[in-house]
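**Q** Submitted below is the structure of interest, expressed as structure tokens.
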Amino acid sequence: MLNPIVRKFQYGQHTVTLETGMMARQATAAVMVSMDDTAVFVTVVGQKKAKPGQDFFPLTVNYQERTYAAGRIPGSFFRREGRPSEGETLIARLIDRPVRPLFPEGFVNEVQVIATVVSVNPQVNPDIVAMIGASAALSLSGIPFNGPIGAARVGYINDQYVLNPTQDELKESKLDLVVAGTEAAVLMVESEAELLSEDTMLGAVVFGHEQQQIVIQNINDLVKEAGKPRWDWQQEAVNEALNARVAALAEARLSDAYRITDKQERYAQVDVIKSETIAALVAEDETLDENELGEILHAIEKNVVRSRVLAGEPRIDGREKDMIRGLDVRTGVLPRTHGSALFTRGETQALVTATLGTARDAQVLDELMGERTDSFLFHYNFPPYSVGETGMVGSPKRREIGHGRLAKRGVLAVMPEMDKFPYTVRVVSEITESNGSSSMASVCGASLALMDAGVPIKAAVAGIAMGLVKEGDNFVVLSDILGDEDHLGDMDFKVAGSRDGISALQMDIKIEGITKEIMQVALNQAKGARLHILGVMEQAINAPRGDISQFAPRIHTIKINPDKIKDVIGKGGSVIRALTEETGTTIEIEDDGTVKIAATDGEKAKHAIRRIEEITAEIEVGRIYNGKVTRIVDFGAFVAIGGGKEGLVHISQIADKRVEKVTDYLQMGQEVPVKVLEVDRQGRVRLSIKEATEQSQPAAAPEAPAAEQGE
């Protein structure tokens, strides 16, 4: 019946278990991977036949987190999981990126990978587990796949690399790096860091790749025991005669077209050449497949660009290999936003804004690993007009979510701590033109917009996208790649950071054989490019503005006695609601007695502070206050003495002679001097008019607690 095959191995501080043959036996392959109570069930289904006319590889990766994995019921209205969250989308991309290049060229059968998180230990992130599961399932499936891959997370604590750190360890770590690769080569890196050096980052990549070899070995052993027979798939034979005929018609013309430096002009010319070539060939032989001709033309394009770069000739737009496109940097471009910048690099342009809000604007993320609050939001929008196309405009696609997260990682390391700058900050990058490296333009624009908004970031940051063309032992690293160089090259390598170090590194490698030395050259060349861009940015704005925008809320902070919090909030929030309406401010109170008052108008903030100080003022026994009669009863009168405090003047304490009727001496609303005789344990205040009038000292207002005020 059920006959599971299991492999267990130690991976750093965790025990990993791979199990197959137990569940989902109708899928092409299925694996349950667990790492110290975090378990992910991964299935792979591949279609044996490709759809007719299919001209691209339809790989789909779905990653889904089930709340039952953490012993919870979904909080949504329907109490079930809905569309993928941003976190799920990012992990799906993390799985997709290293496995996609390992399918053979020409393989266009549909393949779907589904990773479902079924159990979660809050200390062990499921992303690495899911990547290992996808690698194992694809390797077991028999589908043409040049894997397996391994995956590792690397931390950097006390100047030491840590393999697969726990969530608690990650809080202490200066690095959060995920690396995936085959036995021979690194394929993907995704990381954020606290401005670490190039050597430290490269060391982490190499360390992670070395450590994950045990994963690859164990997957290979599992495949020997339980793997399905390899599919009998053969790449279609190359039609040499047809290739030569297409090259004769188009190669020289395409070579000339790729000397046109303007992107739109070049694309138009390339389209003309392709359509004329296909039309001429189909006229000669009607049986020819237009898709096949298109693929041959694409291969010729790729060869034209690559051979020119390898020969040391100028690039598509006429630049040398390490040249950056022309930069145009402007700040304060939108009058009413809190901070704005327009960053243009060649034909790539980002309009970036920064908006300041209060702590209640922070995003609450209800994640499988636990609830957390994010006070720095980064949103990236890529409208179709940025590449001169029409298209759907709506909720962000996977690519936009991924690029937004990368840009956020680039800026996160320089953001001020919440206790020093108590604002929620939202950065939005609108890509208005795109020809390569728009996510890195977003990093540069974000740094400028944050400075323009007066956010005290620790340093300016810039980002750069690098490319690589490699044939045999000959390789060239390209700085600031164009969109075409990204598609036609062998590596996409994005680095963001300040003058002092790297804040984010993302690598996607399409070929094997990228050595440590090549990565070192790319990182060093990226550093030079980054410093050049920072130099240009500093000419526009070299430090955060001294003050935040007049349109941004100013946050004033005062400290009150924690015992007085209930007085400021009032029954059912009545006092704080009334204060908010009366003063036109936003008031937030923390458990330690910190009160934050946010207002766009300084006078309103001062009014709110004054009112809170009145409410929280301590009443001093023996002190005389000016009061107002609020209620008259048979046995005396209640007098308000400021700050919402009220005390009783007993009938015997109204005058130094016998008082028959209170109203003979006091009227509602009458202002009278009163002396505090006693405050009992329940906070009730006894007052005396008689003793106050006997003493000649002037009346005092309630004394307020010391207030610390910052903006």
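Note: Cβ is positioned from N, Cα and C throughout, glycine not excepted.
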**Q** If Swiss-Prot is the reference, give me the range from 74-95, 316-337, 690-711 marked as region 'Disordered'.
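**A** So the range that Swiss-Prot calls region 'Disordered' is 690-711.
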**Q** Using all protein chains shown, find which of the binding-site residues ASP486, ASP492 scores highest when you count other CB atoms within 10 A of its CB.
**A** ASP492
**Q** What is the pLDDT of the domain 'S1 motif' (622-690) when averaged and given as a whole number?
**A** 84
**Q** Counting by DSSP secondary structure, give me helix, strand and coil numbers for the domain 'S1 motif' (622-690).
**A** 8 helix, 33 strand, 28 coil
**Q** What three-state secondary structure does DSSP assign to ASP486 (Mg(2+) binding site)?
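**A** In the DSSP reduction, ASP486 (Mg(2+) binding site) maps to helix.
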